[in-house]
Structures are given as structure tokens and as C-alpha cells.
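Below is one structure, written out as C-alpha cells, with a few remarks after it.
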């Protein structure tokens, strides 16, 4: 059973979360986690001016995802940073190229899930995931979130990302904050949860 993890990351926060999601997927017997990134749309000059060039080198080895890989997967987990309460434009452009999957119904009945990041605690994480879900619904996917059975969801002793809609991390106003142990645990839990649901959906 193949679980595809498709992400866009500018400074590495979503990449780190994607790695944790993959760990969760691999904890389920028979589940294979495959990491893929979507194509970058910003020029090298713009990335350099934003201080993202060095950060992106840490995940440059991850292959760029193709549309066909989505159709071949048993489940897909998407990761994107928040951009004004919505997904990043790079992810939007990638999804806009999946029309043929919609026509063929290649994703109908497959588990789909989303995780995200933002600079601030209330920076649009929930709206980003919920608006992303609309795309999955149009593809006929079965939406899977991060249930409250993940106990870190209810922690009150620290600032942390995470909601029933999906795992998330807070990068801070300068982007210096890295995903916390609790946020990474939520990502692992979500990966495992999606893999378990996908296994049930793919049983004959």
C-alpha cells in the first residue's frame, strides 16, 4: 500500500513535518511512504532575496511529483504553508494540472489529508486546510484529519499547532521556530491514521 506525501516548503518547516508524517505512515504494517515535492514557481533571484535558497537545499533531493503519481497512490497526504489563509501558489498550480485525474476518477474513494504551517498562532491554518479539502472533495477523495484521539491535540501548556482538520506547525514571525515535539507527534499520528484508513479502504 503506497501513501504519497506531496508537499511544498519554502524554508523547511513543511518538509520537516512531511518527514514526520512519513514516519507515521511507515509505522503501519505494509504501508510505504513516498515523499514528493511540487515544482517551485519562483525564480532563483526571488528565492535568494527571500533567504530561501539555502533552506531549500535540505530537500532538493526529493523528486518532483508528477500528476500520474497521485493516481497510482492508495492515499495522498498534502502539505503546504499558509498564504493569506490559503494554500501556497505552488501547490495551487500543481493541483490545477490534475484535471485528467478528475475526468478519469482516479482519486475517487482514496484517502486524502492535509497538514500546514503558518508564521503566527492564528495565521490561517484551519482555513488553509479546509479550503484545501474542497479540492479533495471534487476529486472524490475520503477526507481524513487529525482526530482528538491524538492527546497532544488538547494540550494547554504550550503554544502549538494542530486541529481536528490536520497537523500544523507555527514558524514564528521570523521563521526561526522549528516544529515542536508535539507538532511532530501530531504529524506522525496523522500519517499513521491516514495509512490505517487507507488500508481499510483498499481491502477487497
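Including glycine, each Cβ sits where the backbone N, Cα and C put it.
As recorded in Swiss-Prot, the features of this protein are as follows:
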type: DOMAIN; residues: 3-194; note: domain 'Flavodoxin-like'
type: BINDING; residues: 9, 10, 11, 12, 13, 14, 82, 83, 84, 138; note: FMN binding site
type: BINDING; residues: 11; note: NAD(+) binding site
type: BINDING; residues: 102; note: substrate binding site
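Taken over all pairs of the listed FMN-binding residues (9, 10, 11, 12, 13, 14, 82, 83, 84, 138), the Cα spread reaches a maximum of 30 Å, rounded to the nearest whole number. Cα separation, residue 11 (FMN binding site) to residue 102 (substrate binding site), rounded: 31 Å. Cβ crowding, taken as the number of other Cβ atoms within 10 Å, peaks at 11 among the binding-site residues 11, 84, 102. Comparing local CB density within 10 A for the binding-site residues 9, 82, the maximum falls on 9. For residue 13 (FMN binding site), the same-chain residues that are 6 or more apart in sequence and have a Cβ closer than 8 Å to its Cβ are 81, 117, 169, 171, 175, 178, 179. Following the DSSP three-state reduction, the secondary structure of residue 13 (FMN binding site) is helix. Straight-line distance linking the Cα atoms of residue 84 (FMN binding site) and the residue listed as 'substrate binding site', rounded to a whole number, equals 27 Å. DSSP assigns residue 102 (substrate binding site) to a helical segment in the three-state reduction. Straight-line distance linking the Cα atoms of residue 9 (FMN binding site) and the residue listed as 'substrate binding site', rounded to a whole number, equals 25 Å.
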